[in-house]
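Asker: Take a look at the following structure, please.
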Amino acid sequence: MTDLADQSRPRSRTTKATEVETGWHHPSEHRLRRLVLEHRAALGTLAVFLVMMSIFIAANPAVFMTWSIYSSVLTTLPVALFVVVPLVFVVTGGEIDLSFPAVMGFSSWTFALLVQADFDPFIAMAAAILTGLVLGFCVGALVVYAGLSSLIATLGMNFLLRGLIQIVNEGKSIALVTLGDSPAYKIFSSEILGVPVQIFWAVGFVIFATLLYNRHRFGAHVKAVGDNPDSAKQMGINVKRVRVKLFVFMGIGAAIGGTFSTMINFTWWPTAGDGYLLPVLASVFVGGTPTWGGVGTVVGGAIGTLTVAFIQTGVVAAGLSGFYVQFFNGLIIILSLVGHRWNQERYR
Amino acid sequence: MAEHLIEFRNIKKSYGSVDALGGIDLYVDKGEVLGLIGDNGAGKSTLIKILAGVVKPTCGEIIVRGRPVSGWNAGRSREAGIETVFQDRALALQQSIVHNIFMGRELVGMFGWLKLKQQLAEADRLMREIGFTSEAYTPRSIVGQLSGGERQGVAIARAIYKQADLIVLDEPTTALSLAETAKVFQFVRQVRASGRSIILIDHNIHHIFDIADRFAVLDRGKIVLEADRSKVKSVKELVGFMEHVARAASAGGGHAKAAGGVAP
Ligand SMILES: Nc1ncnc2c1ncn2[C@@H]1O[C@H](COP(=O)(O)OP(=O)(O)OP(=O)(O)O)[C@@H](O)[C@H]1O
Ligand SMILES: [Mg+2]
């Protein structure tokens, strides 16, 4: 390649060479602009969150001065984060996964059964994660190798897995009375200075996933596959394998989320995970990941989760009745989408 | 006989009842430019997609450096030193230039973490060498914002980044201005001078005649002419043969024999 460089550069722009050198590398004053542009989806989500919170706080400042309102959100938020973040990957990869609520229920069921049978909770957690991994692989293999639409196939899997849970358990829950004394509980579910520790694990997970998304080959392949699967294939990316990996990642996230939620409640219910379907989907899209694949933002998704988590708390704390919650949910989703639509462009 | 760099043996491809390729035998040698010509739908792109590992042949063998390949796919093809500029360019439009250049071949360190700085520097260097894109663009620019010709430049840059032994160009100049076209052919000559090979598909017979060492003419999935540059006296002869091929095709008859003026 050096021979080409030597010949072509002087030929084309001898006189402008120095000008080009300086103009090419964007000087530092452009750096901020570039960062804002590159992260505009996440920044937009942050703006929505801040505006929403200011309105809530303005409506009832006193309530928002108390720690308990944040503490309750911080307990449940991590569960959602463990699911939202992998879903950002899945959506970026051009797929969707609606089976995660049942996978959450199924893997935490494994956890609950093992803890009940007096296994160490660490082992139970590992088994739960393995369950999620295997289920994710099954869902992924079904979608990818049978060539099914992920929207419908994962919806089917969600019913199927939940149905199995229901058939076996007949509505009975599992209480985990011994869990509270275990070291695993201290590490994953206690409080440090009044802050629920789950949030630290979740934040760690978000940071790891952000790096995976932006600075790892896996993230690069996911974006390429979601953007244009034909091009990705032509460039030698194993498109099918990448897609299966997406569902495996989703399964692992769902397993961790499900286990955390069981730990928080000391009880496993056959419905575990069910309530997360719509809020989690909303969080991903409120977070600024578009539906068409190829682009997305993990940090935006995390802020989206925070936004969705605060709507309910905020509406009630602001003095409105619980009947307003759904209305505000819808309002925030629509406003966010309109906002993102305006600052994102899909190239064809 | 010295082994060929690449050899196709009896490659066939059918799509349902359509025979896109009906038994292709063809080779490419080290340091030569093979011009592949033929009408629309003749099967040129299908052939090079088979070489790139993107399309699986119905039957037939590909032999790379004397060895028949097995389990051939796009990844293997690139590992074997074959880079392709596809007719559809195979770009991901929402991604940056650097992401596209390294797509499927990312520079990674331990555990698959990307060497982002190095990728940016390499992409930057490559863009300057090629000079296809206007200077307003950096390696971080999104490919979807580029013009058609500039996008094509990215695809070509990607193919030349690695010093591949064989570079396949499927109609590389369709969207390019005269100056850019000249650059592409200048590049083709440089590659040949460095002892590497090119397969060039182009509908402009004058282009092909100017630059190729050997020609292969495809007609409805069959090779109807394979000739050295030295055997063809003038571009007129080649054009005449192509017209003959087209007439035979529209008459619905069998494949044209290499008779119309060109002595194979
Ligand atoms: N995916 C496909 N499914 C069905 N038929 C196909 C497919 N791809 C190519 N064909 C058929 O195979 C034949 C050869 O196509 P190919 O793209 O190789 O032609 P080509 O020589 O590259 O033509 P052009 O000069 O127009 O690019 C055509 O008749 C085309 O319709
Ligand atoms: Mg073609």
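Each residue, glycine too, has its Cβ placed from N, Cα and C.
Not measured: the values here are computed from a predicted model.
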Asker: For the feature transmembrane segment as recorded in TrEMBL, pick the matching range from A:151-173, A:289-311.
Answerer: A:289-311
Asker: Can you say which of A:41-63, A:69-91, A:98-117, A:246-269, A:289-311 has the most Cβ pairs under 8 Å with the transmembrane segment (A:192-213)?
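Answerer: Per the Cβ count, the answer is A:69-91.
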Asker: Sort out the residues at least 6 away from either end of the transmembrane segment (A:41-63), same chain, that have Cβ-Cβ distances under 8 Å to it, and list them.
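Answerer: Residues packing against the transmembrane segment (A:41-63) from afar: 69, 286-289, 295-297, 299-300, 303-304, 306-307, 310-311, 314-315, 317-319, 332, 335-336, 339-340, 343-344.
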Asker: With pairs restricted to those 6 or more apart in sequence, evaluate whether the transmembrane segment (A:246-269) and the transmembrane segment (A:289-311) have 3+ C-beta pairs under 8 Å.
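Answerer: As far as Cβ distances go (cut-off 8 Å, pairs 6 or more apart), the transmembrane segment (A:246-269) and the transmembrane segment (A:289-311) do not touch.
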Asker: Hey, which of A:98-117, A:123-147, A:289-311 has the most Cβ-Cβ pairs under 8 Å against the transmembrane segment (A:69-91)?
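Answerer: By Cβ pairs under 8 Å, A:289-311 leads among A:98-117, A:123-147, A:289-311.
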Asker: Cβ under 8 Å, sequence separation of at least 6 from the ends of the transmembrane segment (A:289-311): give me the contacting residues as numbers and ranges.
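Answerer: Apart from its flanks, the transmembrane segment (A:289-311) reaches 39, 41-42, 44-46, 48-49, 52-53, 56, 73, 76-77, 80-81, 84-85, 87-89, 91-95, 206, 209-210, 213-214, 223-224, 226-228, 279-280, 282-283, 325, 328-329, 332, 336, 340, 344, 346.
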